[in-house]
2 protein chains.
Amino acid sequence: MNERDALRRLASDLPRAGDDAAVVDGTVITTDMLHDRTDFPPGTTRYTAGWRAVGASLSDVAAMGGAATAAVAVYADETFDPDELDRFVAGAVDVCEAVGAEYVGGDLDEHVEFTTATTAIGTVDEDDASAGSGGVTRGGAEPGDALCVTGEWGRSAAALRLFERGTDDAVERANDLFRFTPRVADGRALAGSATAMMDSSDGLARSLHQLAESSGVGFALERDAVPVHPAVDDVIGDGEGGSVDDADRDGDEERFELAAHFGEDFELVCTVPDADVDRLREECPAGLVRVGTVVEADEGVAADGDPLPDRGYTHG
Amino acid sequence: MNERDALRRLASDLPRAGDDAAVVDGTVITTDMLHDRTDFPPGTTRYTAGWRAVGASLSDVAAMGGAATAAVAVYADETFDPDELDRFVAGAVDVCEAVGAEYVGGDLDEHVEFTTATTAIGTVDEDDASAGSGGVTRGGAEPGDALCVTGEWGRSAAALRLFERGTDDAVERANDLFRFTPRVADGRALAGSATAMMDSSDGLARSLHQLAESSGVGFALERDAVPVHPAVDDVIGDGEGGSVDDADRDGDEERFELAAHFGEDFELVCTVPDADVDRLREECPAGLVRVGTVVEADEGVAADGDPLPDRGYTHG
């Protein structure tokens with residue numbers, strides 16, 4: 001059984017567990033585990049790891065439209081190197097400060113591999129509920145709504161390629177790119193209007209399929225509208241699969257692949273009433289770009305008229 | 001650097017991180033990681049693991065005098081066996097129900113070893129604060145207060161020996177013993193009166209040293225007053241170190257060792273004004289037993305007049 005099937009099975013037992021975060025009595029709570037082998041490429045500093053791991057949980061609070069209040073983390077490693085631990089905590093503290101939350105510690109453990117488990121909590125306004133439990137869920141998109149995203153996409157894909165280059169400059173830039181700002185302020189701005197929302201940890205394409213399934217709708221995505229992070233252009237061609245005789249077309253394909261399928265960008269994907277888009281664009285600090293339209297379920301999830309495969313990075 | 005030194009270092013950076021749980025705006029939050037090698041002896045069922053792991057976090061909420069509201073868990077294993085996962089979730093759901101909280105899911109991950117990270121949240125009444133941040137902390141014990149404990153001690157030590165026996169009956173009983181009831185109701189009853197409180201995850205002796213350090217006091221423990229779980233008597237002599245020519249004395253030593261030094265019983269250790277003990281005894285569902293008195297710091301931590309070593313189980 002893979003992770004997605006297991007999550008689907010859990011969701012049927014635990015009705016509050018199928019979204020980015022659970023909401024209980026107005027409190028949002030979400031937890032994640034990240035570890036060396038699958039989540040932190042060689043070259044990732046502990047400061048970046050602390051920032052990114054805690055940021056991933058804060059991003060889930062943002063995806064519910066919640067105001068993040070606090071985060072905790074378990075830090076587990078083969079041995080306790082005090083300097084590494086300090087740097088991890090500094091990253092955790094700084095990402096919390098970036099979104100107005102407080103890092104309040106956690107637990108230490110020994111493990112065979114550097115592993116961190118992070119939890120963030122926040123609060124939601126009851127009247128932002130797109131479903132009964134409070135918080136903006138994945139389930140309220142309606143045909144005709146505008147499909148929008150925050151920020152710029154492909155940032156983590158570009159970072160991974162820079163880590164692979166391995167030069168000091170590339171690794172430093174990769175660390176910068178890995179330290180994303182969780183979109184808590186944007187989520188708050190969107191909370192009153194969004195009909196459905198999630199974060200993009202599994203990539204844009206997979207996010208659209210998940211929103212489509214939860215809301216019972218389809219999507220018409222415009223490929224060229226997807227805002228691509230400038231770092232993506234710097235790493236085009238680093239990967240395999242480039243063909244010499246049609247480099248431009250392949251470059252465009254690769255660009256879209258990195259922006260829409262790789263994932264881990266922790267941007268928000270949301271659906272909002274068409275009339276609200278212009279106002280919300282002004283209110284989102286990370287920017288809000290309309291990339292398509294919600295359509296009927298039988299039209300499926302398409303990009304420029306072609307089916308968009310439900311393909312992304314399956315996180316270990 | 002060992003875990004205790006690392007925690008002390010963290011506590012100086014993170015003022016809210018030195019207690020059983022942090023309190024932010026009236027919300028208690030606490031997180032723990034448990035894994036196969038160090039926390040779940042061979043024979044531990046996944047139902048027991050789910051119960052115990054989530055219970056450990058609920059116990060930390062109880063130790064702050066909080067009302068537990070919800071818990072989440074990360075479940076990580078080499079592969080996803082759906083039946084194992086179902087059993088883990090069932091244990092998590094049941095331990096939450098036992099204390100009036102709700103299990104709301106979490107995250108799945110692949111890992112080289114079965115690992116779970118659990119987080120529980122709850123609420124505290126502002127007027128239960130024994131320190132500024134809300135919640136009952138470790139820092140408010142005063143000389144003259146009564147030293148009290150909930151429940152019966154040595155339960156987990158006995159379970160470990162039963163797991164080691166390995167027979168079907170012994171393992172079944174060990175699993176029963178491992179599924180403790182987090183003392184949330186008791187913690188709520190104690191919250192209005194207790195001057196200091198913590199849970200006993202590191203054992204009674206170590207808990208007393210930690211309370212002594214945080215409160216700037218000493219303790220006079222009466223060894224015979226410590227309520228010992230009946231299962232302890234069934235495993236006396238299973239361990240090493242029994243001497244043939246003085247079996248009774250050694251039996252008493254071993255009994256106290258298992259009850260006071262092993263730990264992981266997840267009972268509450270608290271200090272309360274002398275005049276409140278009788279009333280609180282009636283209000284604690286798990287029972288409340290006076291086991292000693294808070295004394296001045298220069299008297300140290302003693303049991304029947306002898307120094308009580310700061311020795312317990314250092315959890316991996």
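Every residue, even glycine, has its Cβ placed from backbone N, Cα and C.
Keep in mind that TrEMBL annotations are predicted by a computer and have not been checked by a curator.
What TrEMBL records for B:18-124 is domain 'PurM-like N-terminal'. A mean pLDDT of 94 is what the model gives for the domain 'PurM-like N-terminal' (B:18-124).
In sequence order, B:ASP20, B:ALA21, B:ALA22, B:SER57, B:ASP60, B:VAL61, B:THR119, B:ALA120 are the residues of the chain that are 6 or more apart from B:THR30 (Mg(2+) 4 binding site) and have a CB within less than 8 Å of its CB. Residues annotated as Mg(2+) 4 binding site in TrEMBL: B:ASP20, B:THR30, B:ASP60.
Summarising the annotation, TrEMBL assigns Mg(2+) 3 binding site to B:ASP20, B:ASP60, B:ASP199. The Cβ neighbour count for B:ASP60 (Mg(2+) 4 binding site), using a 10 Å radius over every protein chain in view, is 31.
Long-range Cβ contacts of B:ASP32 (Mg(2+) 1 binding site) within its own chain (separation 6+, distance under 8 Å): B:ALA53, B:ALA56, B:SER57, B:ASP60, B:ALA117, B:THR118, B:THR119. Under DSSP, B:ASP32 (Mg(2+) 1 binding site) is assigned to a strand (E or B) in the three-state scheme. The feature Mg(2+) 1 binding site is assigned by TrEMBL to B:THR31, B:ASP32, B:ASP107.
Under the heading Mg(2+) 2 binding site, TrEMBL lists B:ASP32, B:ASP60.
A sphere of 10 angstroms centred on the C-beta of B:ASP39 (substrate binding site) encloses 22 other C-beta atoms. Per TrEMBL, substrate binding site is recorded for B:ASP39, B:GLU264, B:TYR313.
Per TrEMBL, the feature ATP binding site maps to B:GLY106, B:ASP107, B:ARG138, B:SER201. With a 10 A radius on its CB, B:ARG138 (ATP binding site) counts 25 other CB atoms from all the protein chains.
The domain 'PurM-like C-terminal' annotation in TrEMBL covers B:142-301.
Annotation source TrEMBL lists Mg(2+) 5 binding site at B:ASP202.
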Cross-chain proximity of binding-site residues to A (CB under 8 Å), evaluated over B:ASP20, B:ASP32, B:ASP60, B:GLU264: B:ASP32
Summary of DSSP states over the domain 'PurM-like N-terminal' (B:18-124), given as helix, strand and coil counts: 39 helix, 41 strand, 27 coil
Nearest of the binding-site residues (B:THR31, B:ASP39, B:ASP107, B:GLU264) to B:SER201 (ATP binding site), judged by Cα-Cα distance: B:GLU264
Residue among binding-site residues B:THR31, B:ASP39, B:ASP199 with Cα closest to the Cα of B:GLY106 (ATP binding site): B:THR31
Listed binding-site residues (B:ASP107, B:GLU264), ranked by Cβ neighbours within 10 Å, top entry: B:ASP107
Residue from B:THR31, B:ASP107, B:ASP199, B:ASP202 whose C-alpha is spatially nearest that of B:ARG138 (ATP binding site), among the binding-site residues: B:ASP199
Binding-site residues compared (B:THR31, B:SER201) - the one with the fewest other Cβ atoms within 10 Å: B:SER201
